[in-house]
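These notes are about the structure you will find just below.
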Amino acid sequence: MAPDIQRVKAFLLDLQDRICQQLSAVDGDDFVEDAWQREGGGGGRSRVLRDGVVFEQAGVNFSHVHGDAMPASATAHRPELAGRSFEAMGVSLVVHPRNPYVPTSHANVRFFIAEKPGADPVWWFGGGFDLTPFYGFEEDAVHWHRTARDLCAPFGDDVYPRYKKWCDDYFYLKHRQEARGIGGLFFDDLNTPDFDTCFAFMQAVGDGYLNAYLPIVERRKTLPWGEREREFQLYRRGRYVEFNLVWDRGTLFGLQTGGRTESILMSMPPLVRWEYGYQPEENSPEAALYRDFLPVRDWVK
């Protein structure tokens with residue numbers, strides 16, 4: 001079946017609406033929308049909730065851009081795409097909570113299609129979600145990964161382990177030799193067995209994000225915290241910034257295609273700190289993050 005771009009776009013717009021509505025319901029504050037146009041073609045809706053009770057900053061972005069030539073970041077691992085026009089659309093979000101006991105979360109679902117006259121279109125889906133705790137809780141990690149495993153199950157027994165590994169490998173800071181968080185799912189270049197199956201999987205990932213995240217937020221948002229926890233949260237947020245600016249393909253793609261910089265960098269935490277040579281105290285809750293949660297684990301054995 002030929003790709004149905006309008007069906008994908010309708011799902012993505014609705015997904016953005018639903019995620020914003022549910023995050024607003026948890027926080028009590030509203031998102032502010034910024035509709036924008038891209039000079040080279042296309043545009044989007046950026047929505048940001050700032051200075052909320054639960055969420056210090058949450059950004060949920062929809063974009064649909066098109067152009068006459070694929071950018072270098074997209075053709076580097078797919079050289080056959082050079083010389084094709086393209087359309088790219090997706091929803092991308094990052095939630096930075098206020099309480100250090102609530103983890104940061106990120107999710108993204110996207111669709112690419114590249115075409116040229118006289119040739120079949122090249123298309124694929126990508127996306128996933130991942131969790132970045134500051135203070136780890138076993139039950140939260142298990143719930144997050146169980147939700148991921150269960151949404152993958154209808155698509156095959158090998159889907160969850162494959163996309164979990166891809167997530168573990170992708171969200172890794174090589175210069176720190178350290179995982180960004182506890183992972184989740186990551187997939188890209190998905191175009192088999194057919195459009196409908198791939199689209200259904202992308203929908204399952206998009207719909208599964210809140211099922212994975214909101215129960216964790218509800219469990220942790222009222223835990224008391226102080227300056228020590230806040231300092232560690234801000235320090236660990238530095239890893240988020242490092243990953244996004246140094247390693248993230250989506251950030252590079254957006255900047256190379258002349259994307260909207262404010263929307264691309266919406267994922268950045270509002271406050272962050274670095275500390276030279278930081279080492280957590282032995283046997284502290286901070287040390288437990290490095291010892292028990294950042295190393296790759298099978299959470300749903």
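Placed from the backbone N, Cα and C atoms, the Cβ positions cover glycine too.
In Swiss-Prot this protein carries:
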- H106: active site, proton donor (ACT_SITE)
- S92, N108, V109, R110, G258, G259, R260: substrate binding site (BINDING)
- H96, H106, H145, H175: divalent metal cation binding site (BINDING)
- 240-275: region 'Important for dimerization' (REGION)
- H175: site 'Important for dimerization' (SITE)
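Recorded features from Swiss-Prot, shown on the structure.
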| residue | record | Cβ contacts under 8 Å, 6 or more apart |
| --- | --- | --- |
| S92 | substrate binding site | V60, N61, S63, A107, N108, R110, G250, S267 |
| H96 | divalent metal cation binding site | F55, E56, Q57, A58, T104, R237, P269, P270 |
| V109 | substrate binding site | L12, L15, G90, V91, F125, G126, G127, M202, Q203, V205, G206 |
| H145 | divalent metal cation binding site | K164, I182, G183, G184, W299, V300 |
| H175 | divalent metal cation binding site | E242, V246 |
| G258 | substrate binding site | R38, E39, G40 |
| G259 | substrate binding site | R38, S63, V65, F253 |
| R260 | substrate binding site | W36, R38, G44, S46, S63, G254 |
Determine, from DSSP, whether H145 (divalent metal cation binding site) sits in helix, strand or coil.
helix
Which one of the recorded positions (H106, R110) has its C-beta surrounded by the most other C-beta atoms within 10 angstroms?
H106
Confidence summary (mean pLDDT) of the region 'Important for dimerization' (240-275)
89
Under a three-state reduction of DSSP output, how is H96 (divalent metal cation binding site) classified: helix, strand, or coil?
strand
Using DSSP, how many residues of the region 'Important for dimerization' (240-275) fall into helix, strand and coil, respectively?
22 helix, 0 strand, 14 coil
What's the number of neighbouring CB atoms sitting within 10 A of the CB on N108 (substrate binding site)?
21
